[in-house]
Amino acid sequence: MMEKTLVIIKPDAVKKNLIGEIISRFEKQGLRIAALKKIKMTKEQAKGFYIVHKERPFYESLTDFMSEGPVVVMVIEGDDAIARVRKIMGATNPAQAEEGTIRKDFAENIERNAVHGSDSPQSAAYEIPYFFSAIEIL
Ligand code: CMP
């Protein structure tokens, strides 16, 4: 099924000049960039984005991290895009990520883990319009 998913290149990876490398990994697998921009989130914007995690012990630390510097947000489109993006990213915890995945290669730890991707169609339906209006998605 054709799907769209929201991907974020997180502040740790942007700081290390990995934007091109990470985008290439998705494009090489035949996924298409439908929208893309560089932004810096405020703490409040990061809290709104990760509102589903508000009761988690890592919510404060995660939202501090996500607002510490610029990120690249993008909409990626393709057949089965949500699952394929998650496979290319690897497990949330880089210690458990498979060889050749973005997180295995570039994540620092479970929090500073280089990338985010929507985990379900429901998440994508919240996350895509959080950053992009319809006329920005091509
Ligand atoms: P992400 O895919 O963006 O979804 C939620 C984020 O919370 C996750 O990647 C990590 O950056 C962070 N995260 C998830 N679990 C933990 C944890 N146990 N400790 C710290 N941060 C976490």
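Keep in mind that glycine also has a Cβ here, set from the backbone N, Cα and C atoms.
Feature annotations, courtesy of TrEMBL:
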ACT_SITE  His116  active site, pros-phosphohistidine intermediate
BINDING   Lys10, Phe58, Arg86, Thr92, Arg103, Asn113  ATP binding site
DOMAIN    2-138  domain 'Nucleoside diphosphate kinase-like'
Cβ neighbours within the same chain of Thr92 (ATP binding site) - under 8 Å, at least six residues apart: Arg103, Ile110, Asn113
Counts by DSSP class (helix H/G/I, strand E/B, coil) across the domain 'Nucleoside diphosphate kinase-like' (2-138): 64 helix, 28 strand, 45 coil
Pairwise CA distance, Phe58 (ATP binding site) versus His116 (active site, pros-phosphohistidine intermediate), rounded so that it is a whole Å: 15
Listed binding-site residues adjacent to ligand 1, that is, members of Arg86, Thr92, Arg103, Asn113 whose C-beta is under 6 A away: Thr92, Asn113
Local confidence of the domain 'Nucleoside diphosphate kinase-like' (2-138) - pLDDT mean: 98
Other CB atoms within 10 A, centred on Lys10 (ATP binding site): 25
